[in-house]
Amino acid sequence: MSPHLTALLGLVLCLAQTIHTQEGALPRPSISAEPGTVISPGSHVTFMCRGPVGVQTFRLEREDRAKYKDSYNVFRLGPSESEARFHIDSVSEGNAGLYRCLYYKPPGWSEHSDFLELLVKESSGGPDSPDTEPGSSAGTVPGTEASGFDAP
């Protein structure tokens, strides 16, 4: 093999290793809900999915993965984080359940976030019983605005 061909082959192998190392695994997204995870029927809730900058699509999934909503309106929150928002304008008991997020950032899809459980309960109406619990989050890292997420 000629010295030039050997050098070229070595360069290609080094570049391939560098590209493979840079791709790595995508960080897991995080999921949270506002105003909280315990919601009264008829109230609204917004799920926030967060991931790194460069996300093209966020996906909010129900526990069985058959129901999902994609959002392409990804907002940049800062130099390293982006977010998508998914709204349910009038929550019903059918919306209760486990939700999680994932995102698409070329060249592929991230892992799923941890599950977040949405509970739909009637308010007791007492002054010491708030309609919702404070915001809750699950998962580890980093969207947009999309319309409602239908009950199954």
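If you go along the chain as it appears here, the first residue is 1 and each next one adds 1.
Glycine residues also receive a Cβ, built from the backbone N, Cα and C atoms like all the rest.
From a predicted model like this one, the values you see are computed outputs, not experimental measurements.
Look at Swiss-Prot and you will find 1-21 tagged as signal peptide, backed by sequence analysis.
For 29-117, the entry in Swiss-Prot reads domain 'Ig-like C2-type'. Across the range of the domain 'Ig-like C2-type' (29-117), the DSSP-based residue counts are 3 helix, 46 strand, 40 coil.
Summarising the environment of Cys49 (disulfide bond), the number of other Cβ atoms within 10 Å of its Cβ, over all protein chains shown, is 30. Residues or ranges marked as disulfide bond by Swiss-Prot: Cys49-Cys101.
Taken from Swiss-Prot, the feature region 'Disordered' applies to 120-152.
Within 10 Å of the C-beta atom of Cys101 (disulfide bond) sit 32 other C-beta atoms, taking all shown protein chains into account.
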